[in-house]
Amino acid sequence: MNGTLVTEFLILGFSEMPHLRVPLLSFLCLYMAAISGNLLIMVTVSASPALHTPMYFFLVNLAVVDILCTSTILPKLLDIMVGGRTISYGGCMAQLFFFTWSMGAELLLFSAMAYDRFVAICCPLHYSTWMGPRVCAFLAGLVWSISLTNTSVNTSLVLHLPFCSSNVIEHFFCEIPPLLKLSCAPTQLNEVMAFAADVFLAVGNFSVIILSYGFIVTSILKIRSTEGKQRAFSTCSAHLFVVTMYYSTIIYTYIRPASSYSLNKDKVVSIIYTSVAPTLNPLIYTLRNKDVKVALRKLLSSC
């Protein structure tokens, strides 16, 4: 197959792996839960003045990112599961672009949220200054612009690759590792850039978050009252759980060369950060947060 003639890709999904086949209804439920849960967070925060704080500002940004991620991946996956296993070349590149954008933004947002918790717990007297509206807007702009730059670079590098050995993607969506395996040209530059992005966005940010939480835990242990310790831990435990789950799967996928891509393991891991994590985020952040639950009750009672 000549690289210039590739107009579409065939996405295998889970058809070649019967033991990994997930019912269509499961992904449909995940998609509906992710969309409705994240939209509910956005509406609740917007309608509740008590939630107009930096922490919930970043939570709304996270909800936007999760909606972007799931809307990029799951509708096409559902189409694949009912028989539409092909995707156009342009559609594949668009999916790659928006997924990589959402993934980078989520990784950076976790760092911004960790910084917010660090300032709130370790430097409470400076919180209003260090996390003012301008600072929050700047951090959010930085998150979206850096992630946009990252996806623009990596997607443009993939666009320059010829695909001549096969057009069959051994995955359930267009992602960098399986696409690099299809190229008949050297992919060293692509792999280096993907590795560099992963080191900066995943490993680098995860290290910053762990360092921040080291300071946070130290400050929490200095709190004398048991109630104060429990409240401080409750505001951070949910974030730390989500961060650990998301970063570990991303690092596993992108820190390796494309040649080591594993059909079985990588599909399972990808389900976690494309479908499960965006669905769990609203549940984790709301079920363990009294302020959000109170705001939700007021919002639902006023309807």
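Just so you know, glycine gets a Cβ as well, placed from its N, Cα and C.
Bear in mind that TrEMBL entries carry predicted annotations, made automatically and left uncurated.
As written in TrEMBL, here are the features:
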type: DOMAIN; residues: 37-285; note: domain 'G-protein coupled receptors family 1 profile'
type: TRANSMEM; residues: 20-43; note: transmembrane segment
type: TRANSMEM; residues: 55-74; note: transmembrane segment
type: TRANSMEM; residues: 94-115; note: transmembrane segment
type: TRANSMEM; residues: 135-153; note: transmembrane segment
type: TRANSMEM; residues: 199-221; note: transmembrane segment
type: TRANSMEM; residues: 233-255; note: transmembrane segment
type: TRANSMEM; residues: 267-287; note: transmembrane segment
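Contact count against the transmembrane segment (199-221) (Cβ pairs under 8 Å) is highest for 233-255, out of 20-43, 55-74, 233-255. Touching of the transmembrane segment (135-153) and the transmembrane segment (55-74) is concluded from the presence of at least three CB pairs under 8 A, sequence neighbours closer than 6 excluded. Residues of the same chain lying 6 or more positions beyond the ends of the transmembrane segment (20-43) and with a Cβ under 8 Å from any Cβ of it are 14, 59-60, 63-64, 66-67, 70-71, 74-75, 77-78, 81-82, 264, 267-268, 271, 275-276, 278-279, 281-283, 285-286, 292, 296, 299.
Residues belonging to the domain 'G-protein coupled receptors family 1 profile' (37-285) score a mean pLDDT of 88 in the model.
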